[in-house]
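One structure is given below, encoded as structure tokens.
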Amino acid sequence: MQERLKELQQEALEAIQKATDLKALNEIRVSYLGKKGPITEVLKGMGKLSAEERPKMGALANEVRDIISANIEEKQQGLEAAAVEAQLASETIDVTLPGRPIQTGNHHPLTRIVEEIEDLFIGMGYTVAEGPEVEQDYYNFEALNLPKSHPARDAQDSFYITDEVLLRTQTSPVQARTMEKHDGKGPVKIICPGKVYRRDSDDATHSHQFMQIEGLVVAENIRMSDLKGTLELFAKKLFGEDREIRLRPSFFPFTEPSVEVDVSCFKCGGHGCNICKQTGWIEVLGSGMVHPNVLEMSGFDSKKYSGFAFGMGVERIAMLKYGIDDIRHFYTNDVRFLKQFQVKE
Amino acid sequence: MFVSYKWLQEYVDLSGITPDELAEKITRSGIEVEGVEVLNEGLKGVVIGHVLEREQHPNADKLNKCLVDIGEENPVQIICGAPNVDKGQKVAVATVGAVLPGNFKIKKAKLRGEESNGMICSLSELGIEGKLIAKEFSEGIFVFPNDVTVGEDALEKLQRDDQILELGLTANRGDCLSMLGVAYEVGAILNREVKLPNPAVRTISEKATDYVQIKVEAKEDNPLYVAKVIKNVTVAPSPLWMQGRLMAAGIRPHNNVVDITNYILLEYGQPLHAFDYDRLGSKEILVRRAKDGEKIVTLDDAERTLTADHLVITNGSEPVALAGVMGGANSEVKADTTTVLLESAYFAGPTVRKASKDHGLRSEASSRFEKGVDPNRVRAAAERAVELLALYAGGEVLDGEAVVDTLNVEPVVISITLEKINRVLGTDISIEEVAGIFTRLQFETTVDNETITVTVPTRRGDITIEEDLIEEVARLYGYDNIPSTLPMGSSTPGYLTTYQQKRRTVRHYLEGAGLYQAVTYSLTSEAKATQYALETREPIKLAMPMSEDRSQLRLSIIPQLLEVVKYNVARQNDSVAVYETGPVFLSNGTDALPDEREHLAGAITGLREQHQWQGEKKEVDFFVLKGILEGLFAKLGLEQKVEYLQAVVEGMHPGRTAELFLAGQKIGFIGQVHPTVQKELDLKETYVFELSLETVFAEEVAPLQYESIPRFPSITRDIALVVEKEKVAGEIESIIVEAGGKLLKDVHVFDLYEGEHMEPGKKSIAFSLKYFDPEKTLTDEEVTKVHEKVLTAVKEKSGAVLRG
Ligand SMILES: [Zn+2]
């Protein structure tokens, strides 16, 4: 009997070993440990044993059951883990396939530049002023020290609608309008972005419509050195920390003294390349101290107040910064062009 | 202005400074030098030769066989194709080994069997622009005067061993349209002395006033008119050096008389005009405004019709010159001229500008008058001109001048304090430095304590106020030496207005929703200006458009965006989604500024979503675009206030267009572009919208308030209705919302069926209703009570039949 139990144990353990799935294992459990199983069968013959042997044999039989049971349990865990693994293996995906695209758009490059400049100056205490694109001759020219007979008016041939109304040729009339609203009281600190129009034929470098952004500060004791310091900050922010600026005397009717501002070439760092025409410098904006006539015409006492103004063409900045070769790209809106400006640098 | 480096040295010592260094210094002190041209760049080995013999080439009709003395031991044979080459001429010879522009190397050659040892050159072969070459030499070789020496450097003789600084002058620096003006500028920059010409003129006893009397009717246009008379002039070519300087400055040589007037124009900045005295046909010069319709044939042989805006010089009756712009053909100096009347005058800028503009004639003279000439140089220039006429045209100068002078030249005197200069510039310059700068500029100054008083020379008409003086100080002190500071004083808050912030929100939202921002033109064609306009008014037209395509201001952005879509689709960008914010222009009548309304417009076509390797594709449709707008209004806190009503809009699909109303006010429309328009533009289904952004932003939005998160469950009931096909969902929804009262938290369509199992003309529509009470858990009875009310209302008000 004892041998039979050992035999059964051996048989069962071999069967467990061979089982390859949970179903086979369950059959082994039923066949060896079930009520009609061989161990029960063996124990039925216990009546023939002596009183001393009976408990021993009972204990042995339980031991065999426990061993078989433990082995089944162990095997079952193994098979279950394998099954899970197999399931996961069958679910494997190709992670190198592309993801589901999220279609997004982005700012037009001109807006991108404008907002960057706006944000810089907002941080320095400026507000953003806007004004009409169809302007009175007075604000576009006369209030900016450009009377009707002024020779500089030739330089900016304009789209007139009537003798007194035109498409603004610069964003400066916004400055004149803002100063007028201030009623002779400073400080005025504004940045004025907007579309402007000139009577030019469209080609790679000219556009009858383009964007400007101008800045104006009017307060007591504004100095030319303040203009220089402000523009240095601006150049570094927009074109990189290593940039230097260079001021050159120039002429604009609405400023005196007037300043043309060059930035050290951001492509070659100043050694000379085709972008900077081998000079190491790139002309980026015009500026100057607000002409006393402009202050007076806008209601400011030029003895008490002084100011500086600066302005630049947004297309030019974008073309320089991003290496764009044709100004018309900004207005044809080719999606292949527009989508290149999504990256946040 | 083209400034010859060599010529400039006659007035200022430039030793130790190369042309490039000079250019940099001039640029840094205020006048941009746009380029430095080396005239003889890439040129060498061109000498003066003497044509000893010329005969026709034995084998070629159009070639000449020449024997030329080039200053070497033996003359050389050169084959020359120029029609004007002849025996006895002094010519420019590119010898064997010479290099001409374009790296053209001269070698020994055989031309049709005849040996050729060099080349006789035309001026254009020496790198001179055709329009600058005197007419008689423009079709052939240049012939030198006989006094040149064989073997000498021909380029030197032509003043080509020089460098030219090209000045980009701003409108205020007309003074530098003259060599003398540039000399003053350079003298100030380098702190070197300026040497002026000192004309010495011998006159004969006859008086100019015996020959001519001047009358000026238009004294405001012409406050000063000086006439000199020169007799027994011989018209001939001007000296070579003068021709060379004129060509280098961009002026074509004609003859000695005309060249001298142009030379003085360059030297003094004072335009002069030489009349053939005998051809004037009178002893009178009368300066007056032209009569309307009066005609003159100018030197360029064009007949010009004048108006009373134009100033003319007349011989008392007929116009003989358009004042300050161009002379008349009837009094032109020609080869047979013997007596010259030389005009030196001050014409008012605006008058000259008007005439120059009206006749499309910008001359060297007109551009100088426009910017204002130095009134104190009018006589000096005439004096210098007659000196040269006597020297180089053999003339005899008559005594005195005929003149009308009503010009009152008062020099500008400005006082300024040192404190003001330093306050404006942010510098700490001393009074000595300031005074030194004005001395360099040759401005007369007196210093009293810390106040400096400056008498501005008349040549610097641009300087009239203190700030102009400050600029002079700053530019010669050096902009580099000005420190960098930031504005002092009270700080100001920097911010975007609510409107500007909302505009940025709209941009970011739409871009997140997949639309690219476009920027298009405000000017458009007459046909497109009014298309898709939300509000129509008289279109605004340009007075002088450059093309019909850009002749009117837009009243809508959609036509521009459709152009963008068309452009992209035509270039294989089949899926396009763009938006634009910008103004449209609504007229308020002539001379009043229009209303500029900021609009927002968008256009989409093609695929909305594409999952390529899984083959999913979703075309855009009305509801894609509507969903984008709904999201936008949600972002702006307005989604409850916006209604979409079926509408007919011209150019839009009549069944797929809705007008949008915000709190009852029309704000725009959305829909599919009309199929015929789509076909015209070669587009697939394209959906667009346009909104008045200003109206949207003007709507008040309740301040944001936190609403507590529900602690009690909600109960959902669905209803399916059968209604007439025409019945719109929005109407049923309104009925439900009204009847549902406070407990109804949400209602939305979740199914729509118009298929074959429906009775004809009917559709099935299902709504999901969510009931909720923030205070407690709703019981079934409470919900049923409200829901029954809803069902009754729907049945009664929309004629719906409950389904299932
Ligand atoms: Zn560079």
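Yeah, the Cβs are placed from backbone N, Cα and C, and that goes for glycine too.
Whatever TrEMBL says is automated annotation, not expert-curated.
According to DSSP, B:Asp462 (Mg(2+) binding site) is assigned to coil rather than to any helix or strand. The number of other CB atoms found within 10 A of the CB of B:Asp462 (Mg(2+) binding site), across every protein chain shown, is 19. Feature annotation from TrEMBL assigns Mg(2+) binding site to B:Asp462, B:Asp468, B:Glu471, B:Glu472.
Annotated domain 'TRNA-binding' per TrEMBL: B:40-155, in sequence order.
Under DSSP, residues within the domain 'B5' (B:409-484) fall into helix, strand and coil as 33 helix, 17 strand, 26 coil. The domain 'B5' annotation in TrEMBL covers B:409-484.
Summarising model confidence by region, the domain 'FDX-ACB' (B:710-803) averages a pLDDT of 90. Annotation source TrEMBL lists domain 'FDX-ACB' at B:710-803.
In this structure, the binding-site residues under consideration are B:Asp468, B:Glu471, B:Glu472, and the one with the smallest number of other Cβ atoms within 10 Å of its Cβ is B:Asp468.
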